[in-house]
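Before any comments, here is the structure.
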C-alpha cells in the first residue's frame, strides 16, 4: 500500500534515476524536501534514489548517485518520480521498469515524471487519459511516438496519482505545491523563501519565455506570424496566408522580416522547421524520410540539402552521432 500522507509520518519520495538524468532537475526536486525537514526540525521526507537492481546512476554532468532497488523499495514510497535527461537512447533503457511502475501505480503510489520522465511514463502506459506535461524540447518527440497523447504547455501538472514537471527549475514550483498540499501554504512559503524562490509559478505558467523574448521583437503582426510558424510545421502556410493572418499585405510582411529579423520570410520559416527536424532526429524513432515530410519538405533530398546548409552536417550524420 502507498505510504500515508499524514503530516506526522515520514514520506518516502522515490526518484527513479535514468542514466544521464538532468542533475539540475533532480536537485530542484530534492532540495525543497531537505529544506522542509530542516525548517520543521524533524524528518518529514526521506529522499530515496532508485534504479532497477540498485547500484549507481550517473547524471548528465557525470555525478553518480547511489540508488536502492526499485522493485524492493518502491512499494514503501508515497511517490516515485522518473527523473530523466535529454537522450532518447537512455529512455529506451527503462523498459524493464515499466511493469514495476504500473504495479506501483495500481497500489496507489503517486507516479511522476520530471523533465523527459513523462516519456517513460507514456511508454509504460500511465499517461492515457491523463493531464500531463513534459519539457518543451521533448514534446514533439513524445507526440510523434504517442500520437494519442497531448502534453500541456505547463510548468507542472498534478493530476491525482500522476505528477509531471517540465524539469529545469520548475520542480521548485511543483514541490512548493506538493508541500502545500500536505503541510499548508504557510509552511510551503517558508520552504520557497529559504531558496530565495519568491516568485513561485502557477502550474499553467509557461515553460519558455514569451515569443517576444525568444524572437527579440514586439511587433504584433510579426509575432503572430512567428508563433504560427512554430505550430504550422508539417503543412507550412505560404506568405499570402501568413500575411492574412497578421492583417498585413504580403509585401508589408516581407518588409517586416527584413527590418526586424534581418532575414527573409522563407529563410526564417525554413530555419524554424529545420530546428524542429533536428529535435526529431535526436529524440524520435522516425526515419529521415518521415521527418522530412513531417517538417514540410517536398522530398528527403530537399530536406537533407537544406539541413546541411544550416547545420553543416547531414541528417544521417546527426542521427548516427545521437545514437537514435
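Glycine is treated like the rest: Cβ placed from N, Cα and C.
Source: prediction; values computed, not measured.
Outside the DNA-binding region (240-261), and at least 6 residues removed from its termini, the chain residues within Cβ reach (under 8 Å) are 215, 217, 219-222, 224-225, 228-229, 268. The annotation DNA-binding region is assigned in Swiss-Prot to 240-261 (among others).
Among the features that Swiss-Prot reports, DNA-binding region is placed at 288-311 (among others). Through the fold, the DNA-binding region (288-311) approaches residues 144, 233-236, 270-271, 273-274, 276-278, 280-281, 318-319 of its own chain, all at least 6 residues removed from its boundaries and within a Cβ separation under 8 Å.
If you look up Swiss-Prot, you'll see 223-321 marked as domain 'HTH araC/xylS-type'. Per DSSP, the secondary structure of the domain 'HTH araC/xylS-type' (223-321) breaks down as 74 helix, 0 strand, 25 coil.
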